Amino acid sequence: MPTVEYLNYETLDDQGWDMDDDDLFEKAADAGLDGEDYGTMEVAEGEYILEAAEAQGYDWPFSCRAGACANCASIVKEGEIDMDMQQILSDEEVEEKDVRLTCIGSPAADEVKIVYNAKHLDYLQNRVI
């Protein structure tokens, strides 16, 4: 079963960390963050990451659950996430900026690292509901 290591973008921002820090997840592991802001979870084959987070009792952001907004956006830092059809992200955002939507995204690697709650990034703001 794939494992997703996750970090809340708001926590990254509050701590003054940079999305491109090589040791971003090590810093998060050492920071004593609560389980909703940083941790790992198993995601069943074909299960959406947002659903897995909710099954853990986490209140991750979402709105449409259909890939039509950017409320649940995350940035893939390691591994790969397959998404169902979506209409909101540009090819550049998916291919170069590694943006994925957790409401329609499932891990496509045994280990995936994401920064969720990425809706706060400037280039996604105009697609948040």
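In case you wondered, yes, glycine gets a Cβ from its N, Cα and C as well.
Among the features that Swiss-Prot reports, [2Fe-2S] cluster binding site is placed at C64, C69, C72, C103. The annotation domain '2Fe-2S ferredoxin-type' is assigned in Swiss-Prot to 29-120 on the grounds of sequence analysis. Marked as N6-acetyllysine by Swiss-Prot: K119.
Remark: of the binding-site residues C69, C103, the most isolated position is C69 (fewest other Cβ atoms within 10 Å of its Cβ).
Taking only the Cα positions, the spacing between C69 ([2Fe-2S] cluster binding site) and the residue listed as 'N6-acetyllysine' is 10 angstrom. Here the CA atom of the residue listed as 'N6-acetyllysine' lies 13 Å from the CA atom of C103 ([2Fe-2S] cluster binding site). Neighbour list (C72 ([2Fe-2S] cluster binding site), Cβ cut-off 8 Å, at least 6 residues apart, same chain): L50, W60, P61, F62, S63, L101, T102, C103, Y116, K119. Long-range neighbours of C64 ([2Fe-2S] cluster binding site) (same chain, six or more residues apart, CB within less than 8 Å of its CB): N71, C103, I129.
Across the domain '2Fe-2S ferredoxin-type' (29-120), DSSP helix (H, G, I), strand (E, B) and coil residues number 17 helix, 26 strand, 49 coil.
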